[in-house]
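Novice: Structure in structure tokens, see below.
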Amino acid sequence: MDKLLERFLHYVSLDTQSKSGVRQVPSTEGQWKLLRLLKQQLEEMGLVNITLSEKGTLMATLPANVEGDIPAIGFISHVDTSPDFSGKNVNPQIVENYRGGDIALGIGDEVLSPVMFPVLHQLLGQTLITTDGKTLLGADDKAGVAEIMTALAVLKGNPIPHGDIKVAFTPDEEVGKGAKHFDVEEFGAQWAYTVDGGGVGELEFENFNAASVNIKIVGNNVHPGTAKGVMVNALSLAARIHAEVPADEAPETTEGYEGFYHLASMKGTVDRAEMHYIIRDFDRKQFEARKRKMMEIAKKVGKGLHPDCYIELVIEDSYYNMREKVVEHPHILDIAQQAMRDCHITPEMKPIRGGTDGAQLSFMGLPCPNLFTGGYNYHGKHEFVTLEGMEKAVQVIVRIAELTAKRGQ
């Protein structure tokens, strides 16, 4: 596992937060810095067909070292970190041989506690890499980036049989844009794995169907003293809309395969208001029903408004559940599960309550389930990753490459 930790710490030192609402891809300059660094490292490692597109997709190939009809496979991670929490001046803490209890995050009152995060009880004796309480860590997905780079180094430096290994690093995954500019044909893999999951053993091939709902409300503002029969309060209409959304179908009240409506932002005045929801559901029919529900709510609340006042609703699908594409190729999951078992890991098949680049890529002709990275609590100050989990991810990547070669020989 030469340089795994060193690589990871170097990558998280670069601020690569993506930014929503920006037309350009990548959305931030910091992502270019990491992409150029990775390009240089791939060149130094001796990979071939290295390309960095104008949209920030970095691709490279580790050529096969054995003969045979071996399918080319790929591994993909994203370089951006979430815009939900600061990713600037990340200052990781390394906690060796974790013995339980609270971990102080920097100087202050912030702690990483097993009371709030019981998974810590399962990680006794391991090396934890945490934040200092002021930023996110960036293990999502720089752990995946470091693991792929380290796996390439292992395959390059050891006589482990493998076919062509394609790797790609994408931008703007956190804002849903990176995979839209991914050239599947140029990539040249028959299938791939994103390395963007969580705890050791996770293997994910189901994700939410996802849509965004943007609501614009135009009211009418007059002096409150003479408002009767004239004022139309856009904020009151917004409140009525949200009151119609099922309260027990929110992110904080759902789990597993349950879908939800999530009010992500709301702002406005009496005259004008805006609301932004996201809709998520694993079941396609329920997903479509949720979209219809939002339209029905808007019509109900907007009924009878003055013609100059209105509610405008725009729904846009973001991505779909990749299950329907991945299950057509069961060997992809079989190989990953066998690789985990060979590395003394129990595979844990679970749905992604979110999305990955792999969801979009699967519908673009590249079946692409998701492998674990060893990280936890993404997108916030309690994010952490275990060194042992990262090492296991490297072992699984290498073993997948080896098993694929054996099937083709």
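Using the three backbone atoms N, Cα and C, a Cβ is placed for every residue, glycine included.
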Novice: Which one of Asp15, Asp132, Asp140, Asp271 goes with His78, Asp196 at the Zn(2+) 1 site, as Swiss-Prot has it?
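Specialist: My reading of Swiss-Prot gives Asp140 as the candidate in that site.
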Novice: Looking at the Zn(2+) 2 binding annotation from Swiss-Prot, with Asp140, Glu174 already listed, which candidate in His344, His379 is the matching residue?
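Specialist: Looking at His344, His379, the one Swiss-Prot places in the Zn(2+) 2 site next to Asp140, Glu174 is His379.
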Novice: Take the Cβ of Asp196 (Zn(2+) 1 binding site) and count every other Cβ within 10 Å, whichever protein chain it belongs to.
Specialist: 28
Novice: Comparing the binding-site residues Asp140, Glu174, which residue's C-beta has the most other C-beta atoms within 10 angstroms in this structure?
Specialist: Asp140
Novice: Could you say whether, by DSSP, His379 (Zn(2+) 2 binding site) belongs to a helix, a strand or a coil region?
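Specialist: The three-state answer is coil.
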Novice: For Glu173 (active site, proton acceptor), which of the listed recorded positions (His78, Asp80, His379) have their CA atom within 10 A of its CA?
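Specialist: The recorded positions close to Glu173 (active site, proton acceptor) (Cα within 10 Å), listed in sequence order, are His78, Asp80.
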